[in-house]
Amino acid sequence: MSSLPWLTIIVLLPICAGLLIPLFPNEGNKIIRWYTLGICIIEFLLITYIFCCHFRINDQSLQLEEDYNWIDLINFHWRLGIDGLSMGLILLTGFVTTLATLAAWPVTRNTRLFHFLMLAMYSGQIGLFASQDILLFFFMWELELIPIYLLLSIWGGKRRLYSATKFILYTAGGSIFLLIGALTIGLYGNNGPLFDIQSLATRSYPIALEIIIYSGFLIAYAVKLPIFPFHTWLPDTHGEAHYSTCMLLAGILLKMGGYGLIRINMELLPHAHAIFAPWMVMFGAVQIVYASLISLNQRNLKRRIAYSSVSHMGFVMIGIGSLTNIGLNGAILQMISHGLTGAALFFLAGTSYDRTRTLFLDQLGGIAISMPKLFTMFSIFSLASLALPGMSGFVAELMVFLGIVISQNYSLTFKIVITIIEAIGIILTPIYLLSMLRQMFYGYKIPNTLALSLIDSGPREIFISLCLLLPIIGIGLYPNLVLSLWNSEVEYILSQY
């Protein structure tokens, strides 16, 4: 047992360090950048230390628990704890946020506010994955909204205000349902308010009430994940946001929805989840194909990648709805895998825009010769996104695929139909990704004079790309590297079904 409140330290360190940024001179962009990057590295090293020295793999019980009374009147506690599921996502958060901070190096406008918002997001993301109080979970969920809104509305593209407004309306609207669900589940019963997630997991509810609560939570998570038809904010947001913000959105923010589905809906409301599971599988399968077809018709590079994210989240839904060990493990692995590949693709799309000053695929072409390093990295991560064997996406999608096939909860006809739809989506994925590569890097659309003046990726960009690539290959070759983290938690959750 550790004597230090490690989880509180890693939750509060980024935002507390961010509060010191206004003390730096506004002209000292380089100082602010190095300071923020240093805080992110220290935070990630602390997370790694906690994982290596204080976390016990294959232990399904809650670890490093902390419980501090916060608001007596409503029994609101600062209650933190981690297990394998949350530890994996906390590691992903630390890794991607550190690289996103390095990716934001070219930002020179309002750097103090920009880097403070990055650190505030960092705290909110870590806090959400470590929360063991459902009101604290909601608080951390909401902590993300304002930083992203400001990052989008100030440093976004030409339609940034429209995209930022759409984002805040969708996510704030979904958050209302999350708050109502949290209050309903916490105030149910005659023993006073109870918001401790571990205690709530032992409660039972009337099936009608459980379905109502589940529906409210599902709407909130459907916006974040996102699930069709609550996905339309995502392409607009990605299309206008700075690519470092896109890395955080694709790498971490979408995973908050999947985490909520598993941690809250599956664990606290198993009877309702069993009822909703077939619908999640059906919507997930349709979403894979629908988003793939829409992605194929996108002229904007970042919007095409955004719709590919929507498609990949369909596999997460199928895995969660399969109610099998291999399927749920595959869904979690898909979240980790997409967190890496999605962040990498948006980063490379942003670096491409920095050089060509366009995101429209029909205005690109012929830049492979002048930028071979960018071409090579873009090709590798596109192959990773389409689940090339030997990379993490292949293992994740294969596990989800097998999870629905071996599931004993569905009829043979249902499984055949879902499998066929999944297969169609798997076929469509390389079509829109490889056509994206063809339109960007082959042909002669960019004038030769411009093509010759384009500067290839530098050391910073290559370093970020390699950092994202190594875990993708490592997990693809040896998936037990991460599957062992949360397998015991998956077995515990599925024991209720």
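Cβ atoms here come from the backbone N, Cα and C positions, even for glycine.
Sequence-distant contacts of the transmembrane segment (4-24), counting only residues of its own chain at least 6 positions beyond either end whose CB sits under 8 Å from a CB of the stretch, comprise 31-32, 35-36, 39-40, 42-43, 46-47, 50, 54, 64, 66, 68, 78, 80-82, 90, 112, 115-116, 118-120, 122-124, 126-127, 130. Per Swiss-Prot, the feature transmembrane segment maps to 4-24 (among others).
The transmembrane segment feature in Swiss-Prot is assigned to 35-55 (among others).
Sequence annotations record features per position, and here Swiss-Prot assigns transmembrane segment to 87-107 (among others) based on sequence analysis.
Panel annotation: around the transmembrane segment (113-133), residues 7, 10-15, 17-19, 21-22, 32-33, 35-36, 39-40, 43, 47, 62, 65, 76-82, 86, 89-90, 93-94, 97, 100-101, 104, 107, 139-141, 143-144, 147-148, 150-151, 154-155, 195-198, 244, 248, 252-253, 256, 259 of the same chain, lying at least six beyond its termini, place a Cβ under 8 Å from a Cβ of the stretch. Positions annotated as transmembrane segment by Swiss-Prot, on the basis of sequence analysis: 113-133 (among others).
For the transmembrane segment (134-154), the list of distant contacts is 74, 76-80, 110, 113-114, 117-118, 120-121, 123-125, 127-128, 160-161, 163-164, 167-168, 171-172, 175, 178-179, 182, 185-186, 195-197, 200, 220, 237, 240-242, 245, 248-249, 253, 256, 260, 264: same-chain residues at least six beyond its ends, Cβ to Cβ under 8 Å. As annotated by Swiss-Prot, transmembrane segment applies to 134-154 (among others).
Here Swiss-Prot flags 207-227 (among others) as transmembrane segment.
The transmembrane segment annotation in Swiss-Prot covers 242-262 (among others), and the record cites sequence analysis as its basis. Tertiary proximity for the transmembrane segment (242-262) is limited to same-chain residues at least six positions away from its ends with a CB under 8 Å from its CB atoms, namely 85-86, 89, 92-93, 96-97, 99-101, 103-104, 107, 118, 121, 125, 128-129, 137, 141, 144, 148, 151-152, 155-156, 178, 217-218, 220-227, 234, 302, 305-306, 309, 313, 316, 320, 328, 331-332, 335, 338-340, 342-343, 345-347, 349-351, 353, 493.
The transmembrane segment annotation in Swiss-Prot covers 274-294 (among others).
Listed by sequence, the residues of this chain that lie at least six past the ends of the transmembrane segment (313-333) yet keep a Cβ under 8 A from its Cβ atoms are 85, 88, 225-227, 254, 258, 261-262, 266, 274, 276-281, 283-288, 291, 392, 395-404, 406-407, 409, 418, 422, 425, 475, 479, 482-483, 486-487, 490-491, 493-494, 497. The transmembrane segment annotation in Swiss-Prot covers 313-333 (among others).
Look at Swiss-Prot and you will find 386-406 (among others) tagged as transmembrane segment, backed by sequence analysis.
Taken from Swiss-Prot, the feature transmembrane segment covers 416-436 (among others), and the record attributes it to sequence analysis.
The transmembrane segment annotation in Swiss-Prot covers 462-482 (among others).
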Would you kindly check 87-107, 207-227, 274-294, 462-482 and say which stretch has the most C-beta pairs under 8 angstroms to the transmembrane segment (416-436)? 274-294
For the transmembrane segment (386-406), sequence-distant contacts whose Cβ falls under 8 Å of one of its Cβ atoms, 6 or more beyond its ends: 281, 312, 315-316, 318-319, 322, 324-331, 333-334, 336-338, 340-341, 415, 418-419, 422, 426, 429-430, 433-434, 471-473, 475-477, 479
